[in-house]
Structure formats: structure tokens, C-alpha cells
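Worksheet: one structure, shown below.
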């Protein structure tokens with residue numbers, strides 16, 4: 001069974017119904033302060049934390065006096081634009097006393113489907129975490145029309161977990177897990193402590209959303225669980241309204257854990273190995289030896305580039321004698337790779353005329 005105390009990189013999804021009081025539209029300050037304490041304690045144990053937070057529309061509509069009913073798309077986008085500033089400031093203010101630097105990252109589901117944007121987002125999240133920053137991620141509701149209409153922050157949180165290589169994802173919800181039936185209407189409903197596989201029978205147990213401000217129901221949570229599990233990330237659904245919800249989960253609060261069969265890095269490498277390559281990159285003997293020691297591929301070690309590929313595309317890595325070493329996702333196009341082959345990373349900007357990544361294929365984006 002996965003436990004929160006074992007997390008190496010944790011993603012936490014926070015819904016509008018937890019963050020914003022439904023009646024007044026005001027921020028639940030005491031609850032957020034307690035969450036900040038939880039985050040500080042988890043980080044103190046050496047784990048990275050990413051928060052995926054809804055709430056911009058809910059906060060913005062109060063400022064604009066738009067009431068609590070359903071909003072036309074244009075008003076929802078306007079409310080998101082106004083509320084996003086307040087949401088980011090709220091997190092900054094509660095985490096600053098713990099000496100935690102926050103960053104605002106706005107994404108959409110498309111950032112996980114377009115390979116170039118996927119790699120850029122992944123690199124940004126990785127850099128922020130390496131610098132000790134806690135990213136506050138929200139979908140870009142001002143432009144992401146589909147996400148506003150359907151409310152997919154559960155799936156977005158799962159995609160963020162995949163991009164960050166997280167090993168645990170927690171969905172703070174208005175229920176304490178997955179039940180055999182709706183516990184609000186069926187007194188015989190029982191909660192699952194653990195799910196190892198999402199079967200059609202499990203999917204049939206998903207109900208509809210009941211919260212007034214959030215739109216995600218159990219169906220989107222199961223979709224998130226499938227995405228997370230496929231990437232080797234464990235996921236928990238637990239009731240989030242209680243004070244210090246993450247501490248409560250660590251102390252044994254009721255939850256449903258979705259447990260994967262593999263770890264995030266192994267799952268990612270399996271995915272890369274199955275992709276159809278778009279080109280080939282030949283490396284010299286020094287680079288070949290470095291790759292076998294688990295290093296990333298630098299431009300200096302490249303001797304030949306063939307094929308037409310873009311940033312984020314899969315390529316085959318060849319040894320000097322032409323044998324296949326493995327596959328990886330390139331951070332440069334074929335044209336760029338040809339230009340910088342044999343050059344040191346410090347020379348990339350001079351060659352291309354603009355700054356670039358230090359490595360051509362990162363070791364986490366490579367399978368040998």
C-alpha cells in the first residue's frame with residue numbers, strides 16, 4: 001500500500017469547493033493556512049511538492065459580482081483572469097512564512113499532448129523543483145475553453161504528475177474515496193481502501209459531481225487515476241475539507257489508494273521504447289560510454305544526424321559502428337541538431353543565435 005510519508009515527488013489537487021466558501025465566495029483562509037503547514041512539513045522531509053489548484057473563477061466571480069449560478073463562457077474567462085491574481089497571491093502569502101518560494105504555472109491539457117510543449121513544461125517544472133520552488137499550477141481558464149466547460153482539473157493534475165515524474169498524486173475531494181455506490185444515497189455503500197486495476201465494474205461505480213463550485217465528479221477522478229497508474233504514479237482520493245488534510249492522510253484518514261504496478265521512470269521509459277522513431281542520431285565513442293553510465297546526451301558527442309524530426313520527437317541513438325544503443329526524445333529539431341553537433345553546450349547560443357538546452361536528450365527521456 002502506498003503511503004504519503006514515502007512520497008518523493010507529490011502532486012496535490014485542490015478543488016474550488018475546498019478553497020472557496022460556496023455561500024460567500026470568500027477564500028477559506030484557515031483551511032489554506034493548514035494546508036501550507038502540511039506542505040512545509042512534507043518538504044522538510046525532502047519531498048518535492050506541486051499544487052494543482054482550482055479557484056480562479058470562483059474567486060474572480062465574487063470580485064466581479066457575478067453571483068453563484070452558471071456563467072456564460074466569456075464571463076467565466078473574465079472571472080478567471082481576475083481571480084488568478086488573487087489565487088497566486090493567496091498561496092504566496094500562506095507559504096512565505098515557511099520560507100517557501102512559489103511559482104505560478106498556467107497550463108492546459110494540450111500542454112501534455114503536444115510533445116514540444118510537453119517537454120518545455122516538464123523542463124520548467126523540473127527546474128523549479130531543483131531550485132526549491134513549490135509550483136502552483138492551474139489550468140489557463142482564460143483561454144482553455146474546453147476545460148472551463150467540462151472542469152478537468154482532476155485529469156490536469158494527473159497530467160502534471162506525469163510531466164513531473166511524480167510518484168504520488170493526492171486528489172483532495174468532498175468524499176473520502178471510491179465507494180461501491182453513492183454513500184449519500186445508499187447506506188450500504190462501502191469504500192475501497194485500495195484499487196490495483198480500474199476495471200469496467202470499477203468505472204460503473206463512478207457517480208456525478210455534487211459540489212456547487214467544482215465540476216469534477218468521480219468519473220474524472222477515475223480517468224486521472226488511470227493516467228497516473230499508467231505512468232507509475234500512485235493516486236489517493238481523500239476528503240479534503242478537514243483541517244490539515246495531508247497530515248490527516250498521513251495519520252491514517254480514510255482514502256482510496258490507486259496503486260500502479262511500476263514506478264514512474266520505468267513506465268516512462270517503456271512508453272519511449274514503444275514510440276515510432278522519426279530520425280537517427282549517431283554518437284562518438286566517448287558519448288557512447290557516457291550514455292551507458294547513465295549520462296545525458298550532449299551535442300558535443302554527436303557525429304551524424306539523419307531524418308526530419310521536431311523537438312520532442314523520438315529518435316534512435318546509434319553507436320559509432322551503426323548499432324542501435326537506444327531511443328530518446330530530442331530537445332532539438334533535426335536542423336538544430338545538425339548545426340550544434342560536435343559543439344560544446346556553452347557554444348549553442350553562438351551557433352543557433354538563441355539560447356537552448358544544455359543537453360540534446362536528457363537521460364530521463366532515454367531508454368537504452
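Here the Cβ of each residue, glycine as well, is placed from N, Cα and C on the backbone.
Among the features that Swiss-Prot reports, ATP binding site is placed at 13, 173, 174.
For 54, 141, 153, the entry in Swiss-Prot reads substrate binding site, with the evidence type sequence analysis.
Feature annotation from Swiss-Prot assigns domain 'PUA' to 278-355. Across the domain 'PUA' (278-355), the DSSP tally of helix, strand and coil residues reads 26 helix, 23 strand, 29 coil.
Geometry remark: residue 173 (ATP binding site) versus residue 153 (substrate binding site), CA distance 12 Å. On a Cα basis, residue 54 (substrate binding site) lies 14 Å away from residue 174 (ATP binding site).
Rounded to a whole number, the C-alpha distance linking residue 54 (substrate binding site) with residue 13 (ATP binding site) is 8 angstrom.
Under DSSP, residue 173 (ATP binding site) is assigned to a strand (E or B) in the three-state scheme.
The CA atom of residue 141 (substrate binding site) is located 16 Å away from the CA atom of residue 13 (ATP binding site).
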